[in-house]
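K.L.:
Below is one structure. I have some questions about it.
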Amino acid sequence: MTAPTAERGSRRAERIRLYAQPLIVLGIVGVVLAWAFSSDLDDIEKRSINASTILSLTWQHVEITAVVTALVLVVAVPLGVVLTRRWAKPLAPLVLGIANIGQAAPAVGLLVLFFLATGWTGFWVVVLPTALYALLPVLRNTMVGLQQVDPSLVEAGRGIGMSGFSVLRRIEFPLAVPFVLAGLRTALVLAVGVATLAMLVDGGGLGVMIDTGYKLRRTSVLVVGAVLAVALALLVDWLGALAEQLLGPRGLR
Amino acid sequence: MNGKTGVEIHLDNVSKRYSGQKTAAVDEVTMTIPAGETVVFVGPSGCGKTTTMKMINRLIEPSGGRITIGGEDALKLDPDQLRRRIGYAIQQAGLFPHMTVGQNVGVVPGLVGWDKNKIADRVEEMLDLVGLEPSEFRDRYPRQLSGGQQQRVGVARALAADPPVLLMDEPFGAVDPITRGNLQDQLLRLQSELGKTIVFVTHDFDEAVKLGDRIAVLGDRSKILQYDTPDAILANPADDTVAGFVGAGASLKQLTLLRVRDVEHGDVPTATVDDSPEQLRERVGKGSGLLLDARRRPLRWVSARDLGPGKSLRTAGRPVEDSVSEASTLQDALEAILTDDDGQAVVVGTRGEYVGVVDIDTVMTTIRQLREEARA
C-alpha cells in the first residue's frame, strides 16, 4: 500500500515543482537585479552591472550550454544505440571507460588541458571539453534505457514482422526516452556549471562576472554573476523536467 | 469468412544446433501440420517445443532441414515478410505499452501497407471479434487492461492482417484458471469461424486436449513421442513418457471429448401424467419408469412400489434431479449417473423432452471400445 501512495505523492511533488521552480527562480533573479541596479555603483561596478553586459554574458552562457547539449545529443544518443546492438556489445566497456574518464577528470583540468593541447581560445575550447564531460550521463542513460526494454517486447515486434530498425524506432527507443531525457537533464545542469569556467580560456559567460567580482572585490558583481548562473542552471533543469513530462511515452504511467 | 483459410505447414528434418553445444536443441523433426487444424506442441519445459515453433517464423533460424508453409519454402523468403503473414501471440500478450490498444492491433496491417481507413475498420472488427467493445477499448493503453483483456488484444493483433497461420506460444499461461478457460473457449469459437492453421505451444496437457485437433507430445530435443488426435493419445499413449505426461485420469479426460449424442441411448418405460397408473405399472413390471409431463418432459422416476392401488401419478415417485442434453460431454453424463439413485442419467432434447437414458454400462462400454480402436 505504501509504494503507490509514495509514488503518487512524489508525482504530486513533481507537479508542484514544475510550476513553482520557474516562479521562484525568476523572483530571486528579479530581487537580486533590482537590488544591484538600485544600489550605489562605482565605475568598476558599472562596467559589469549594466543591461547590455549582463545580457551578453548570459547569452554567451546560454549559447555554450545549448551547443554542448546539442553536441552531446548528437554524439551520445546514437552512440548509446550502437553500443546496445548485439554486434557492438564488446565495444561498450571501452567507450564507457573513456566517457567515465571524461567525467571523472575535474572539468577545470579538462578545459585547461584542452586549451594547452590545442592552443585555441574561445567558444570551441569551452564547448568541446564540456561536451566530453557531459557525455557520460546521456550515453549511459541511453544504454540503460534501451537495455531495460523487456526483451519479450522486442521479440514480439520481430515476431509480428517488424524489421530490426523499426523495432528500434517504434518500440525500443520510445520506451527508452524517459531515461535519455533524465540523462540529458543531468548533462544540461553540468553544462551550465562548467560553462562558468569558460572565462579561464576566454570563452565568456557568467563566470566573467564571478571572476571580476572576486578579483576586484566587488561583492555586487560577484553576487549578480553567481545568482544568474545558479538561476540559469535551475531554469535549464526545469526545462529538462518539462521535456520529461511532455516527451515521455504515454501509457506508462 | 467461410471455409478453411489456413495452409499446410510441413517440417522436414528440421534441426537447431547452437554453436558450442554438443547436442542439438531440436533434432531432425519431421511433421505435417494440416491446413486449418490446431496442432498443440506439448512437452516438459526445455524440451525444445518453443524453439521448434519459433523456427516456423524464423525467430530462430533452423540450422538444418526444410520448412514449407502452404507449399512455399519459408527459408527462402525474407524473414520480415514471412512473419507478416504469420500471426504471433505470446505469453503475457507482449503488447507495446506505449501504444494504445488500437495502435497495437493495427501494427501488422500498417506494416503490410494498408491505408488508414482500412486499418481503423479492421481494428474495430478485430476488437469486436475477441469480445472487446471497440469504442471503449481502442484508445486505452495496455496497462489499463486486465490480464485476460490484454491477452484478447494479443490474439486480435496476431489475427489483424488475416494471416493463414497463427503461432501461439503459451498465450494463456499467465492468467488465472477461470480467465484461461474463457480465453480457451473463445479461441475454439474463433477457430471454428476462421479455420486458421494454428500451432499452439503449452506445457498443460489439459489445455492441449481441449484445444488441439492434434497433439504432438514432444520429448527431449523436440523428439516427437506421439503425434495424434487427443482421443487416440488418451486412449493409447505411445510409451511410458507420454503416459506420464497424460497424467492420472486419462479416462476421465477422454470422457470430456465425447458427447452424449455419440453414444447409444437406453430406453426406460414411460408414461405421461394423463395415463392411468395401471398402464404404467404394466410397462414398468418390476423395474422403474419415467413419468413425463404433457410436453413429454421428464418429471419423476417411479417404481412398481410407487404404483400400488389408490396411488395417483400426480405425486408418485421421486423427482428427476438432473438431466443431460445431447451436447453434454460424457463426463457430465457420468456425474449425473453417479448422483442418480438408480445409476441412470436422463437425456433430454433441445426443448427438454425425454430422449433416452445413459447408464454406467454404456459409459464403460464406450471407453473400452475407444481403447480397442486405438490399439487396432
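Heads up, the Cβ atoms here are built off N, Cα and C, so glycines get one too.
This is the feature table in TrEMBL:
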{"type": "TRANSMEM", "residues": "A:18-38", "note": "transmembrane segment"}
{"type": "TRANSMEM", "residues": "A:58-82", "note": "transmembrane segment"}
{"type": "DOMAIN", "residues": "A:58-240", "note": "domain 'ABC transmembrane type-1'"}
{"type": "TRANSMEM", "residues": "A:94-116", "note": "transmembrane segment"}
{"type": "TRANSMEM", "residues": "A:122-139", "note": "transmembrane segment"}
{"type": "TRANSMEM", "residues": "A:175-201", "note": "transmembrane segment"}
{"type": "TRANSMEM", "residues": "A:221-243", "note": "transmembrane segment"}
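Would you situate these features in the structure and describe their surroundings?
P.N.:
Among residues of the same chain six or more beyond the transmembrane segment (A:18-38), those with a C-beta under 8 A of the stretch's C-beta atoms are 49, 54, 220, 223-224, 227-228, 231, 234-235, 237-238, 241-242, 245.
Long-range contacts of the transmembrane segment (A:94-116) within the same chain, counting only residues at least 6 positions beyond its ends with a Cβ under 8 Å from a Cβ of the stretch, are 79, 83, 125-126, 128-130, 132-133, 135-137, 139-140, 143, 193-194, 197-198, 200-201.
Listed by sequence, the residues of this chain that lie at least six past the ends of the transmembrane segment (A:221-243) yet keep a Cβ under 8 A from its Cβ atoms are 14, 17-18, 21-22, 25-26, 28-29, 32-33, 36, 44-45, 48-49, 54, 57-58, 61-62, 65, 181, 184-185, 188-189, 191-193, 196, 206-214.
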K.L.:
Using a Cβ cut-off under 8 Å, which residues of the same chain at least 6 positions beyond either end of the transmembrane segment (A:58-82) come close to it?
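P.N.:
Distant Cβ neighbours of the transmembrane segment (A:58-82) are 88, 95, 123, 126-128, 130-131, 134-135, 138-143, 145-146, 168, 173, 180, 183-184, 187-188, 191-192, 194-196, 198, 203-207, 228-229, 232, 236.
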